[in-house]
Structure formats: C-alpha cells, structure tokens
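These notes concern the structure reproduced below.
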C-alpha cells in the first residue's frame, strides 16, 4: 500500500518571519496526525528556520530546486549537500516554471535527479503537458519523453523511491484543474512507462502526485483515484488552515 504524500510548494512566497508563523500554526493543527506524509517546500531563504522548527515533528522538509554539482563556481545556485545540511528530505526537480522561465531541459533535470539520489535526497520529479499539446493529442508523447529522458540511466532501487508529480502546465496557477479521471489516466500512463523502463514492481512502488490548482474543494476528487497517491499544492498551501484542510481530507 502506497502512503499518500501531500507536499506544499510555496514558490517565491514567504519571508523567514512568515515561514515561522505558518509552521508554528501548522504544527499545532496537525499535531498527532500520521496518516499521510506531509512535506513543506519553502524558498531557499526560509529553509534554515523551517528546518529548526520541523526538527522534532513528522513533517518533512523539501527544497524547490537544486544544482547537480556538489560545489563550485555556480553563482546563485544551491547544491545537494547544502540541502542535506539543512535536513531536507525532498527536492522538487523539473517544475514547469523552471522548464519555462529558466529553460531547464530533460537532460538538466536528469542530472539533477541523479545528483539528488547521490546525496541522499528524494526527488519530486515534475512532468506535464501544455494546453496546446493536450489539444493536439500529444499528452502521451510529451509525458513519455519527459519521464524517459528524466529517468534515463537511473538505478531501479532509486527509481522506486521517487515521487512523480503530474502537473499539467495549463492547470498551474490558473484556477483550472484537470478532472480526476483525466489525471488518473496520465498517472496510469506514467506507471506504464516506468514498467517498460524497469518492471511492474517498480511502477507500483513509485508514488504519483497530482498538481495544478489543487484546493480543499477538489482534493478528494484526485485522492480517490486509484493511480494517484497525493498532491503537490501551490497557492492553497500558503495558509495553514487551507493546507491542513487538504492534508486531512
């Protein structure tokens, strides 16, 4: 049985003070809760304060991105060992906003995924198609390419730990979410691709999230699907009560 995982992606929101306020309130709301795995991914500047506050809780800490090198002259970048030093368990890799605004390619994403595993981090690997690709019936082609190239050369024992977030680009931050059954169909496709690359056992172990305008009102529609194991939540994760309503749903 795959344990459900709900992750908050705060994107470029929240100062250190706002992070502290959120986490203190959320810890109180979620005290004693163990059913689903909870991950909070604040901006880099808030990782230290979040790490201190989450230390003795079951809530996991994640980062929103990383570079693939251990260290070096890469101005503005953050390395995997820096994230491990801050007690991060997860790191989001390949988010569509990174692909879109910062021209991240499948090859770069593959390097980041390999590096994350090398340094003991678990990637939340994002895939998803654009609206025009969906309209042209290219969803399967796009997802297949992203998954195959993103996971190329990875060991089976690492792949089975990965979390894959299906985030249709047209649903992110737009208020338009995919229908539960459509998201479930793509999640099933992802498992099929993984089983072809590795085997059925691996494809059944990986956890697949849905992301894209998830909120307390529609979360149950996604979590009730048999191929979907959680959610990567954007805007609705910025308020403690809203995020808690999603987690406990």
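Using N, Cα and C of the backbone, Cβ positions are placed for all residues, glycine too.
Annotation source Swiss-Prot lists active site, electrophile at 95. Annotation comment: Swiss-Prot describes 167 as active site, proton acceptor. Here Swiss-Prot flags 9, 10, 11, 173, 213, 234, 235 as substrate binding site.
Where Swiss-Prot records a feature, it is marked here on the structure.
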residue	record	Cβ neighbours (10 Å)
9	substrate binding site	26
10	substrate binding site	22
11	substrate binding site	19
95	active site, electrophile	28
167	active site, proton acceptor	28
173	substrate binding site	13
213	substrate binding site	21
234	substrate binding site	22
235	substrate binding site	17
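Residue 10 (substrate binding site) sits 12 Å from residue 95 (active site, electrophile), taking the C-alpha atoms as the reference points. Annotated substrate site 9, 10, 11, 173, 213, 234, 235; additional same-chain residues within 8 Å of its Cβ mean position, judged by their own Cβ, are 172, 233, 236, 237, 238. Cα spacing between residue 234 (substrate binding site) and the residue listed as 'active site, proton acceptor': 11 Å, rounded to the nearest whole number. Between the C-alpha atoms of residue 11 (substrate binding site) and residue 167 (active site, proton acceptor), the distance comes to 15 Å. Put simply, the two farthest-apart Cα atoms among 9, 10, 11, 173, 213, 234, 235, the recorded binders of substrate, are 14 Å from each other. For the pair residue 167 (active site, proton acceptor) and residue 173 (substrate binding site), the C-alpha distance works out to 11 angstrom. Residue pair residue 235 (substrate binding site) / residue 95 (active site, electrophile) shows a Cα separation of 15 Å.
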